[in-house]
Each structure stands twice: as structure tokens, then as C-alpha cells.
Amino acid sequence: MYRAGVTLLVVAVVSLGRWDVVTMAAAIGIGWYEPEVSMAYIYQYNDTNLTIFCNTTACNSPFLASGMMISAPLKTRFLTSKVNYSNDMDNDRKNYTHQLKYMLAGAPGTYVNSSVTCWGSNGTFGAKTFLVKSMVNNTDSNTNTSIIHFVQQDELVDNPAYFRRSNHRAFMIVILTQVVFVVFIINASFIWSWTFRRHKR
């Protein structure tokens, strides 16, 4: 148990080391291009079931963290996220693509005019926001057959304020914490499994 505790401490230090490297990259924002973001949605069953699609691509990057959120008149809700990273963020950069999908259900028209924001971060970040429009007239008998609507450039609206600041460090900390957390959990799970097997012998 003592060894496991020491190893966990080492893992935490290593994770914090990775945090410093990536946070520095976020602060200077150089070395790779911001992720590309594309979005689409379907509003089915008389505008009761809203399905949102968010594709994020980052090239030649140490990692990609992406997510989506929706802002209705009364509240903002974080929907989903995904993280992929290189084991050697300093030297090994890859091409990443995330395809996020999330479905929301509510009374007819609940999410009409709500704003949806999709983003991706690889040390710098890209984000896009659109307003949900009714699809009642785009369905077959207004029941269940809807056409996926791909969001066009002229449909985009301003991103929320924290995406527009010249200094995004506070927001970047939230996203990059996901990367460190995933690394820590994977390593901690491995240590626990190794310790358990050793004591079984």
C-alpha cells in the first residue's frame, strides 16, 4: 500500500507536469492551428426531440478537447465532451476528429431560439454558436421524418462572452483540466489493478 501511495503521488506530479506544458502552450497559443468546428441538428416530433451534432477537427496537435453546451432563456447546460491526447505532448502531434452527438427532449418548441455552442481546444481553441430554429414545417406530417440541417456560416451568432475574451486562460483551465483528469484516472486505475494482483499472489 505504501508503494501504491508513493506511486500515486508520482503520478499526480507527472500529471501536473503535463498540465504545465499544456497550459504554457495555451498561454502562448503557437505551434498549431485552432480546431475546425462544424455543426448540424434535427428537431423532430413537432419540435420535441432536438438532436445536435458537433464535429471538431484538429491537425498536428498534442491533444483535442471538445464539447458542446446549450443556453436557453433560463439556464445554460453543458451537454457532453470528449478528450484525446498524445502520450508525448511535446514531440508527438497527431490529427484528431471528434464527432459529438446529444439528444434533448422537451415540450414542443422548448429549445427554439436557444443558442448552441460547440468548441474544440488543442492549446488554442475554436468555437461556434448558432440559434435553434423550429422544424415543424420541415417534417413529414410533423411527426418523425426530419432532415438534418447543417449550420451555415451566415447562421452563426456571437459566441458567449467567455469565448470572446482576448485572454482565454480561465476557460482554457476548465478544458485542459479534462486532459489532466483523464491521464490521472487512467494511471491510477493501472496502479490499483497492479497492486490488487500483487496482493492476490
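Cβ coordinates are placed from backbone N, Cα and C, and glycine is handled just like the others.
Here is what Swiss-Prot says about this protein:
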SIGNAL    1-25  signal peptide
TOPO_DOM  26-170  topological domain 'Extracellular'
CARBOHYD  ASN46  N-linked glycosylation site
CARBOHYD  ASN49  N-linked glycosylation site
CARBOHYD  ASN55  N-linked glycosylation site
CARBOHYD  ASN84  N-linked glycosylation site
CARBOHYD  ASN95  N-linked glycosylation site
CARBOHYD  ASN113  N-linked glycosylation site
CARBOHYD  ASN122  N-linked glycosylation site
CARBOHYD  ASN137  N-linked glycosylation site
CARBOHYD  ASN144  N-linked glycosylation site
TRANSMEM  171-191  transmembrane segment
TOPO_DOM  192-201  topological domain 'Cytoplasmic'
Request  = Please report the number of other Cβ atoms within 10 Å of the Cβ of ASN122 (N-linked glycosylation site).
outcome  = 29
Key: Cβ neighbours within the same chain of ASN55 (N-linked glycosylation site) - under 8 Å, at least six residues apart   = VAL37, SER38, MET39, THR97, HIS98, GLN99, LEU100
Ask   = Judged by the number of other CB atoms within 10 angstroms, which among ASN95, ASN137 is the least packed of the glycosylation sites?
value = ASN137
Request  = Determine, to the nearest whole angstrom, how far the Cα atom of ASN122 (N-linked glycosylation site) is from the Cα atom of ASN137 (N-linked glycosylation site).
outcome  = 39
Message = Between C-alpha atoms, which of these glycosylation sites comes nearest to ASN95 (N-linked glycosylation site): ASN49, ASN84, ASN113, ASN137?
response = ASN84
Query = Rounded to the nearest angstrom, how far is the Cα of ASN49 (N-linked glycosylation site) from the Cα of ASN113 (N-linked glycosylation site)?
reply = 14
Request  = Over the topological domain 'Cytoplasmic' (192-201), work out the mean pLDDT and round it to an integer.
outcome  = 56
